[in-house]
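Chemist: The structure follows.
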Amino acid sequence: MNSSFSVMDEDRLHRSLEILSAIFPSFVVFMVAGVVATLTGVLSFAAILRSKEMKSKFYALYVEMAVVDFLMGVSYVFTATRKIYRLKSREGDVMERSTCCQESAILYFSQTLGLYVAFTLAIDRTVSFVRPVAYKYLKPVYITLPLIVAAWAFSILETAIMVSAGSSPAFFAQEILISCGTASCWSIPSYFATLYSHLAISGFVVLLNFCLIFVAKSLMKEAIKRKAVSNLTEDERRLRSQNHFQMKVIKTLSVMVVSHATSHISSRLLLVVLLHLYHEDPELTVLAD
């Protein structure tokens with residue numbers, strides 16, 4: 001009996017190492033992305049601390065985004081390092097589903113929080129654009145703080161649901177996984193529902209930002225044309241210079257929106273396609289005896 005268990009364990013380990021070896025390039029990408037995100041978070045936070053103009057409620061959500069970038073970067077680097085170590089040490093990724101879900105909690109939380117922070121930031125920018133005077137005199141407790149609390153609350157709740165569902169015998173039989181990932185902690189219908197909801201949020205963020213950019217760009221062009229006369233006062237020149245600067249900011253924001261679209265939306269669409277193709281593959285999990 002012991003020999004049969006040994007053979008089964010050896011087979012699981014062999015297949016787990018094959019999977020880790022096949023997806024090794026993704027670990028390198030994870031590592032690079034993690035380092036970039038960590039540095040971005042540190043630099044953004046340092047820039048905000050050093051600037052008097054940026055120490056205001058307007059930039060509170062940007063501080064939160066810097067913290068999220070740092071958290072996401074650290075979790076990416078840690079996850080990639082752990083997977084590479086398990087491959088090189090021949091330890092493999094074989095573990096119980098409950099252990100996998102607990103291990104994946106920080107990574108899933110940081111990814112989810114990044115999405116919700118982008119969503120709340122888009123809402124904040126919309127309010128400031130549509131009602132600029134009212135927004136200027138609004139206290140943080142009425143707009144900024146609720147958005148920050150909402151982003152963290154939804155992320156914590158969703159992560160807790162993932163961990164509890166993956167660890168509960170009511171949702172899954174006790175299984176030994178040969179490959180661990182956040183998808184392992186959801187049933188297939190639940191994971192699809194989660195992906196589609198995240199895609200909807202990402203799409204809304206991108207669409208809203210594009211609308212704001214288009215309207216703001218049109219208004220800025222009109223303002224610049226009105227000031228494009230030969231006889232300008234010093235204040236008018238300063239205002240025109242500010243308008244040109246804001247145009248550059250809008251162009252930069254456009255690049256950020258494209259980056260968000262390609263990273264958040266394309267990655268989730270790819271996951272949906274792959275899951276539709278391979279979610280019934282019997283090699284993904286092995287039931288424990």
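Yeah, the Cβs are placed from backbone N, Cα and C, and that goes for glycine too.
What you are looking at is a predicted structure, and each value in this text was computed from that prediction instead of being measured.
What TrEMBL records for this protein is below:
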DOMAIN    40-289  domain 'G-protein coupled receptors family 1 profile'
TRANSMEM  20-47  transmembrane segment
TRANSMEM  59-80  transmembrane segment
TRANSMEM  143-163  transmembrane segment
TRANSMEM  195-216  transmembrane segment
Chemist: Would you mind listing the long-range same-chain contacts of the transmembrane segment (143-163), meaning Cβ under 8 Å and 6+ residues beyond its ends?
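Modeler: Here the qualifying positions are 57, 60-61, 64, 101-102, 104-105, 108-109, 112-113, 116-117, 119-121, 123-124, 127, 135, 182, 185-186, 194.
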Chemist: What average pLDDT does the predicted model assign to the domain 'G-protein coupled receptors family 1 profile' (40-289)?
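Modeler: When the pLDDT values over the domain 'G-protein coupled receptors family 1 profile' (40-289) are averaged, the result is 72.
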